[in-house]
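Visitor: Copied straight from TrEMBL:
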DISULFID  34-93  disulfide bond
DOMAIN    3-198  domain 'Pentraxin (PTX)'
């Protein structure tokens, strides 16, 4: 149970990451990922990387540039432009459904215009899930220049799409729908210089 705690990534690294030990039992036709981050980085960085042995960018959430998030499913991506804040933590959620390819994106609880990506695709279940690094290969291939420096918290993943109301609940660490993993039950392994702090 990590409620009231955050992961602190204090410096650029090609090794430091958090390995999430829970994963879907079946391939995914729908999913949602939410998390909160706090950083003053202006270069690109990876937040959430879900790789399979056949596709390193099976699911990837990264900040590709200042004021822009990039969301990958099955190696293809869409981009969402957001306000160029920087002083406050940013909460994001991204959802995807296979039947339509529709991607939902929420920034600090507010829905952005939906986009389309990889209609008919299936996300593999045999996954390596990592916070704070981008996997160039299954479970590794990290590069310091895309590593995260700052704080990550309130990480959730569901095997379905969720509503704006559910996004707000996750933002407040009080999700109504049971996730595959979430901040109240977050099995993980911290590797390298990453710390759990209140």
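Even glycines carry a Cβ here, placed using N, Cα and C.
TrEMBL entries are annotated by machine, without manual review.
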Visitor: Determine the mean pLDDT over the domain 'Pentraxin (PTX)' (3-198), rounding to the nearest whole number.
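Guide: Mean pLDDT across the domain 'Pentraxin (PTX)' (3-198) comes out at 96.
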Visitor: Can you name the residues of this chain that are 6 or more positions from residue 93 (disulfide bond) yet have a C-beta less than 8 Å from its C-beta?
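Guide: When sequence neighbours closer than 6 are ignored, residue 93 (disulfide bond) has 32, 33, 34, 104, 105, 106, 162, 167, 170 within Cβ distance under 8 Å.
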Visitor: Quick one: give me the count of other CB atoms within 10 A of the CB of residue 34 (disulfide bond).
Guide: 27
